[in-house]
Amino acid sequence: MALLWGLLALILSCLSSLCSAQFSPVSTMEPLDLQLMDGQAQQKLPPLSLLKLDNQEPGGQIAPKKAPEDCKLSPTPEQTRRLARAMMTFTTDLFSLVAQSSTRPNLILSPLSVALALSHLALGAQNQTLQRLKEVLHADSGPCLPHLLSRLCQDLGPGAFRLAARMYLQKGFPIKEDFLEQSEQLFGAKPMSLTGMKGEDLANINRWVKEATEGKIEDFLSDLPDDTVLLLLNAIHFQGFWRSKFDPNLTQRGAFHLDEQFTVPVDMMQALTYPLHWFLLEQPEIQVAHFPFKNNMSFVVLMPTRFEWNASQVLANLTWDILHQPSLSERPTKVQLPKLHLKYQLDLVATLSQLGLQELFQAPDLRGISDERLVVSSVQHQSALELSEAGVQAAAATSTAMSRMSLSSFIVNRPFLFFILEDSTSLPLFVGSVRNPNPGAQPERKEQQDSPDGKDSFQDHKGLPRGDKPFDPDLKLGPPSEEDYAQPSSPK
């Protein structure tokens with residue numbers, strides 16, 4: 001089972017010297033009950049955003065442009081593919097920068113949550129600010145981007161995802177009605193008033209976060225700027241059960257190789273004949289395997305065969321087309337996968353600036369949100385992952401395949417990257433890297449004979465079933481044909 005949750009925050013604050021002397025009450029501020037949606041009722045989450053007013057002179061009053069009627073239509077297959085490709089490119093851009101600056105051994109973040117936040121902001125962005133947002137998201141869908149992303153998310157993993165959103169506003173803050181309407185329609189974010197009492201507001205916000213993440217994130221905010229005028233919150237909760245569960249009785253302590261010299265002990269989930277589809281990339285040589293969940297999702301492992309790698313190198317040439325392999329068949333495989341418990345929190349201001357969004361934190365044009373001059377002052381993100389044995393028994397057809405002899409092995413006992421992908425579109429929901437799944441343990445020097453040589457996770461190429469080749473023209477090692485499987489003998 002994989003249990004994931006994510007929260008993103010943008011905050012709008014108002015500089016007291018530039019704000020209107022007195023905001024008049026806004027009647028649209030109504031308390032919003034917790035919205036946790038699953039199945040067809042689920043809605044999108046906007047990340048928690050913190051924005052504040054800067055010292056620019058107010059510009060002309062520009063209402064947010066209403067999206068064309070075409071935006072309200074269901075996305076075409078081609079639009080869905082283009083959006084999924086764009087999201088994968090954004091994901092690799094974002095995670096490469098985060099990995100470069102992080103000193104933590106394990107990372108996890110939700111590019112979907114970040115993209116939802118930026119597309120939410122795009123509802124009120126104008127001119128160059130809007131253009132930069134679309135460029136960073138690699139979006140070519142024009143004004144329909146928030147609508148397409150919203151519709152795509154509503155169709156994700158029925159029963160596995162719960163999405164929640166909330167918006168907090170300072171009483172009387174002059175926000176555009178169109179922005180409020182579209183925020184609720186596309187992201188499920190209704191406005192709720194801040195009381196003006198910091199302690200009470202913090203308690204209310206953190207209580208909502210705790211409920212939306214089922215108690216996994218507590219005390220997300222420790223302070224609230226005195227001049228806060230707007231908070232946009234979203235929470236993503238994903239619970240994925242393995243389509244073929246791991247037997248807890250087979251889980252045992254194993255060695256995870258940190259590098260050529262040291263290992264740490266870790267609980268390894270195991271299966272002798274696990275239905276897996278995998279392939280091998282070269283230059284650099286990377287083993288890729290899709291572990292299927294129910295609800296059309298997969299945990300995708302990318303494991304370089306050498307220790308000397310960084311995320312930027314691995315992701316440099318990784319595209320949507322490489323990971324999207326719907327034609328690959330599953331094969332029974334000997335599998336070892338470490339149990340994981342990851343949590344990571346970071347401020348994304350520097351990373352988003354490096355991606356080209358410096359203007360958001362200096363002088364953005366957000367007059368589609370309010371005629372007041374706003375600037376993004378903080379973007380906080382937190383994600384976590386728990387990986388364990390629980391799953392749902394495979395269907396009869398899969399059980400038959402699993403009864404055949406395993407022809408290969410996929411042993412995840414060295415540093416790796418991972419994605420949580422939606423299978424039909426390969427839309428990335430979460431991305432992360434694991435260099436040490438047990439950072440609290442004392443590394444142990446390993447014996448020479450225990451050192452993996454970079455090939456152990458697959459059988460040596462000489463041992464591949466007949467008909468298989470180490471590399472085919474598109475640099476992928478596909479599963480063998482049906483005739484390569486050992487067939488059970490007929491009972492006499």
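Using the three backbone atoms N, Cα and C, a Cβ is placed for every residue, glycine included.
Because the structure is a prediction, the values reported are computed rather than measured.
The compositional bias 'Basic and acidic residues' annotation in Swiss-Prot covers 443-475.
The annotation disulfide bond is assigned in Swiss-Prot to Cys71-Cys144 on the grounds of experimental evidence. In the three-state DSSP classification, Cys71 (disulfide bond) falls within a helix. Its Cβ taken as reference, Cys71 (disulfide bond) is surrounded by 19 other Cβ atoms within 10 Å in the chains shown.
As annotated by Swiss-Prot, N-linked glycosylation site applies to Asn127 (among others), with the evidence given as experimental evidence. Cβ neighbours within 10 Å of Asn127 (N-linked glycosylation site), excluding its own Cβ and spanning all shown chains: 12.
Per Swiss-Prot, N-linked glycosylation site is recorded for Asn249 (among others). Look at Asn249 (N-linked glycosylation site): DSSP puts it in a helix.
Summarising the annotation, Swiss-Prot assigns N-linked glycosylation site to Asn296 (among others) and lists experimental evidence as the type of evidence. Within 10 Å of the Cβ of Asn296 (N-linked glycosylation site) there are 17 other Cβ atoms, across all protein chains.
Positions annotated as N-linked glycosylation site by Swiss-Prot, on the basis of experimental evidence: Asn310 (among others). If you draw a 10 Å sphere around the CB of Asn310 (N-linked glycosylation site), it holds 13 other CB atoms from the protein chains shown. DSSP gives Asn310 (N-linked glycosylation site) a coil state; it is part of no helix or strand.
According to Swiss-Prot, the feature N-linked glycosylation site maps to Asn317 (among others), an assignment based on experimental evidence. DSSP assigns Asn317 (N-linked glycosylation site) to coil in the three-state reduction, outside any helix or strand.
Annotation comment: Swiss-Prot describes Tyr485 as sulfotyrosine.
According to Swiss-Prot, the region 'Disordered' annotation covers 56-76 (among others).
Here Swiss-Prot flags 433-492 (among others) as region 'Disordered'.
The signal peptide feature in Swiss-Prot is assigned to 1-22; the stated evidence is experimental evidence.
According to its DSSP assignment, Asn127 (N-linked glycosylation site) is helical. The number of other CB atoms found within 10 A of the CB of Cys144 (disulfide bond), across every protein chain shown, is 20. For the pair formed by Asn296 (N-linked glycosylation site) and Asn249 (N-linked glycosylation site), distance between Cα atoms is given as 27 Å, rounded to the nearest Å. Separation of the C-alpha atoms of Asn317 (N-linked glycosylation site) and Asn310 (N-linked glycosylation site): 13 Å, rounded to the nearest whole number. Once Cβ contacts within 10 Å are tallied over all protein chains shown, the glycosylation sites Asn249, Asn317 are led by Asn317. Across the fold, the C-alpha of Asn127 (N-linked glycosylation site) and the C-alpha of Cys144 (disulfide bond) stand 16 Å from each other.
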